[in-house]
Amino acid sequence: MPEGPEIRRAADNLEAAIKGKPLTDVWFAFPQLKPYQSQLIGQHVTHVETRGKALLTHFSNDLTLYSHNQLYGVWRVVDTGEEPQTTRVLRVKLQTADKTILLYSASDIEMLTPEQLTTHPFLQRVGPDVLDPNLTPEVVKERLLSPRFRNRQFAGLLLDQAFLAGLGNYLRVEILWQVGLTGNHKAKDLNAAQLDALAHALLEIPRFSYATRGQVDENKHHGALFRFKVFHRDGEPCERCGSIIEKTTLSSRPFYWCPGCQH
């Protein structure tokens, strides 16, 4: 499943394609959304927001399209008139004079009023977004030590969108490798230095991934600015200590870690 950085980059691409441009055609696959098609013609997208792994497309008439890609949903940007060759099922089409955005395969799609936006079950449940520039390590530390989360093992906590929105499996393993911890630790057991390092890594690594993953620095031997240290690298030597990276399962998800420097 795409994680927060990937969802945010998708939102950036959608905004760049159609933000501020009048919609010339709107189509929804689901019957309950059909009445909104005519309401959106002539309106425009004001901005595209992310809340963790959910994407909110805001329109100039104050309606908001909520979508959660889950495992299979994917957005595409195409030139208007282009019909991509795909076996995926089209769910949403928002067309402007020159660009069209298409949502395929997603099933969790709703149209929300401003009032519904404040009471939506998923949006109420998610914690602060790791890509929100206003979220600080101090606030993250407070959440780590709160009665709700301090007794939770990191293996499960770092996948829980109620703790911090936008984290997922690759971020979970990369963050824990960065701070040298295994997934069975709890916040209540950390010393001050470990807690501080974790609070910073929980923000820095997702933000670095969002900003640089896929970009290349020709002065770096390995190329990409953001690259995995342990994720999908089982059987390879750890770049920090040389031990062999291992793979196991924690909280029903693949977990990659270094037994030499994660304790």
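Each residue's number is its place along the chain shown, starting with 1.
From the backbone N, Cα and C atoms, a Cβ is placed for every residue, glycine too.
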>> Which range is it, out of 19-53, 229-263, that shows up in Swiss-Prot as zinc finger?
In response: 229-263
>> So, three-state DSSP: helix, strand or coil for Arg125 (DNA binding site)?
In response: helix
>> If we skip the immediate neighbours and take only residues 6+ beyond the ends of the zinc finger (229-263), which ones have a Cβ under 8 Å from one of its Cβ atoms?
In response: 155-156, 159, 169-170, 172-174, 176-178, 180-183
> Taking the Cβ of Gln70 (DNA binding site) as centre, how many other Cβ atoms lie within 10 Å?
Replying inline: 13
> If H, G and I count as helix, E and B as strand, and all else as coil, what does DSSP give for Asn169 (DNA binding site)?
Replying inline: helix
